[in-house]
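**Student:** Sequence annotations record features per position, and here TrEMBL assigns transmembrane segment to B:12-31, B:43-64, B:85-103, B:123-141, B:150-170, B:190-209, B:221-244, B:274-297, B:309-331, B:337-356.
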Amino acid sequence: MKRTAVILVLLAACVLLSGCWSSSPIEDLNMIVGVALDSADETEVEAIFEREGGDYPKRKKISCTYQFVIPQGAGGTPKGAPPSKNFNNMTETGDSIFEAVREFSLRTNRPPIGHHLKIVVIGEELARSTNISELIDFYARDNDLRPSVLLMISGGKARDVLSNSLPGQIPSFVLEDIFNNVDRNSRIWEPLSIAKVVGLLHGKKSFLMQNVIISGKEYKFAGAGVIRGKTGKYIGFLDESELEGMVWVTGKGKGGVLKTYDPDRDKLLTYEINSMSSKIKAKVEGDDISFVVNIKSSGRYAEVFASGGKKLDKAWVEKDEKTLQKQIEKLAQSTVDKMQHELHVDVAGFGNSLHIQYPSVWRKVKEDWDETFSEIPVTYEVKLDLENYGASGITAE
Amino acid sequence: MNAEVKDRITTTQATIMMVNYILAAGILTLPRTVVQASGTPDVWISVILGGILSMLTGAVIVRLNQRFPGQTFFQYSRRIIGKPLGVLLGMVIAGYFLCIASYEIRSVQEVTVFFLLEGTPSWAFAFAFIWTALYLCRGGINAVSRMCRLIVPITWTVFAIVCLLSLKVFDINNLRPVLGEGLGPVWKGVKPTSLTFTAGEALFFLIAFMDKPKKAMRVLVVGTCIPTFFYVAAVVLTIGAFSVDGVVTRTWPFLDLIRSFEVDYLIFERFESLLLVIWIMQIFCTFCIAFYGAALGMSQILNKKFHNCLFALLPVVYVISEIIPSINALFAFGTGIGNWAIVLFGCMPLPLLIIARLRRIGP
């Protein structure tokens, strides 16, 4: 009798405990992988919907484009057939980003879910007119969306960035993965996740966002957009080479290329970066603040066109090191110049260095730091080590 | 069962119970509450100070208990300050344990329903939680302590892994400058730690069960140091990832820390579900110990059977947890419990100890 009871309980447990209260099969979900936010610009589909009565009260401010993945069969595409498009974009124009998401529930049977959102691209035009913290409020608050979502800015229309891709690829994934190339190219800014940006926006600190541009079906990471902390709006742009300078100033790069020309012979000299680091030292004398940027790097010759010398020769290497150091200084200087005299913001962390080294001085200047920074002298100390010359000891003729 | 305590636990068991009792839902919000109070990145010092302070107040409780070997506070309080006052104080402390239990279950409900099991009604979750706890507590202190010992290796390992992985988003500059604003803000950050560090009160009844009550001080010191380490790690890593400005904007900063990175090429890509599931077990332990304490107090004060008290308190715990109308009320409730703890366990034991000395009660 007792045994029967035990067996019954166990059987009941098997049935009752194995279920999941609110489960939904993965193939019935519309997985959001990317979002593009633009200033209001309705698509044709939307215009027709509206004409036919599919409209609701809203201020037309933002066009949200959502990218969904189309689940592929386990076997992939049949042999011989061209790879089909495996994503689907839908646009909703309105003022509430959340309302726009829920509006999709009128347009498709599968509920959109945000667990796998990777990237939010914001159009430059929208970023210029709207505080970023308003745009990301929903993304930072929702329970499905994770703070690891990356933010980017697009010089053109953000929607186009998500619609262009080579066959078989999903644009959002490609964009996310390009950030991993930071060890191959020093013109990529560190990925900016929601987790990082909430603090910057709340602390009213200026910051950079990776910029992406498109041409035809391809895109390219190109420079970075500058967001002013006080307003949270887009105010300008660092181009590729200025971003490279920024990477040197902050020491955030992990690899890449540094190119210059031999001053005597006007021959190309390319250096592959192995490592870089930077320390910004603040100096305070009385009321005068100044900064010294201490950049260190080591790497190897990648391409050398100048002929005649032996790379094994110490004097030769030292001369090349000096040439490269000058190039780094030039890059850094032009970036800091642009920050100080054109954009009037500090996005390189000079303020942080001052805060860490002289907390009491920082308290006095922090209110209007972006403006104060524009007047502060910055000097550079660059130390570069050419450690290796690759497999050829002698240069090309 | 109720008059004399027959079950015995070893020193190690008691220590592990201490650790499990202290580590609870507080860790999920601690980085925010301390930063809100102090406004500097130095709050990890506040957390350490909080740990030391709770150890000091705990030491008084240990001394007090050692005067009455084999007896819980609910039994000996009337001998110190007379029956009416003693019973009243015992009731207040039992009520406190009840509130802690309710607070824990409500916090775990809020977090789980929001992050983990969207769509599952919270009562379904609470019922499973409370019933299991009831079953465990009926087994006595040894069953509870074995449960604690069982989950320790699991929770510690997962916690350590998750913390190490979160170094991916860690930036040391967010924690600097150290003491840039001086010690003033650090002190302000100590008070909010009182809820997370409600430690000593478990000793009010734990010591009575120990086979070697002389070693109670060791239980206190080790049992407080380990959670302090966990809390400091959580606070440092969370601030390192979010910065002081960012932490205050997050409702559950520690969980958001785990949500803010993805790991490639490891079995899992995301760890928040894993951590949450594991941490529910941790909260379950705290719940059981607090619930056990409340029921024990009730049975010893009213001289009723322990099992009956467990059943009587079961609906009460649930009702208290359901009365709380909103998340803000929950946080306010937590702060309230913390303040209550400061009075009950920070200030009260010392006068009691002095009275006991003066009246020469106890050995």
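Note: Cβ is positioned from N, Cα and C throughout, glycine not excepted.
Curation plays no part in TrEMBL annotations; they are all automatic predictions.
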**Student:** Which of B:12-31, B:85-103, B:150-170 shares the most C-beta pairs under 8 angstroms with the transmembrane segment (B:337-356)?
**Tutor:** B:85-103
**Student:** Looking only at the recorded stretches B:12-31, B:123-141, B:190-209, B:221-244, which one has the largest tally of CB-CB distances under 8 Å to the transmembrane segment (B:309-331)?
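**Tutor:** It is B:123-141, which has the most Cβ pairs under 8 Å.
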**Student:** Let me spell it out: take the transmembrane segment (B:12-31), skip the flanking residues so only those 6+ beyond its ends count, and list any with a Cβ under 8 Å from a Cβ in it.
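**Tutor:** That would be 43, 47, 103-104, 107-108, 111, 142, 144-146, 148-149, 151-152, 155, 192-193, 195-199, 202-203, 206-207, 209-210, 216, 218-220, 222-224, 226-227, 230-231, 234-235, 238-239, 247, 251-255, 279, 282-283, 285-286, 289-290, 331, 334.
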**Student:** Look at every Cβ pair spanning the transmembrane segment (B:221-244) and the transmembrane segment (B:190-209), keep those 6 or more apart in sequence, and say whether at least 3 of them are under 8 Å.
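**Tutor:** Taking Cβ pairs at least 6 residues apart, the transmembrane segment (B:190-209) and the transmembrane segment (B:221-244) are in contact, with 3 or more under 8 Å.
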**Student:** Do at least three C-beta pairs under 8 angstroms join the transmembrane segment (B:274-297) to the transmembrane segment (B:123-141), pairs 6 or more apart in sequence?
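**Tutor:** By the criterion, they touch.
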**Student:** Give the nonlocal contacts of the transmembrane segment (B:43-64) in its own chain as ranges (CB under 8 Å, at least six residues past its ends).
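**Tutor:** Here the qualifying positions are 30-31, 34-35, 37, 73, 175, 179, 186-190, 193-194, 196-201, 203-204, 207, 216-217, 220-221, 224-225, 227-228, 231-232, 235-236, 239, 345-346, 349-350, 352-353, 356.
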**Student:** Which one, B:85-103, B:123-141, B:150-170, has the most C-beta pairs under 8 Å toward the transmembrane segment (B:190-209)?
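**Tutor:** Out of the listed stretches, B:85-103 contacts the transmembrane segment (B:190-209) most.
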**Student:** Give residue numbers and ranges for long-range contacts of the transmembrane segment (B:150-170): same chain, 6 or more residues beyond its ends, CB-CB under 8 A.
**Tutor:** 16, 19-20, 23, 230, 233-234, 237, 240-241, 257-258, 260-261, 263, 271, 274-275, 278-279, 281-282, 285
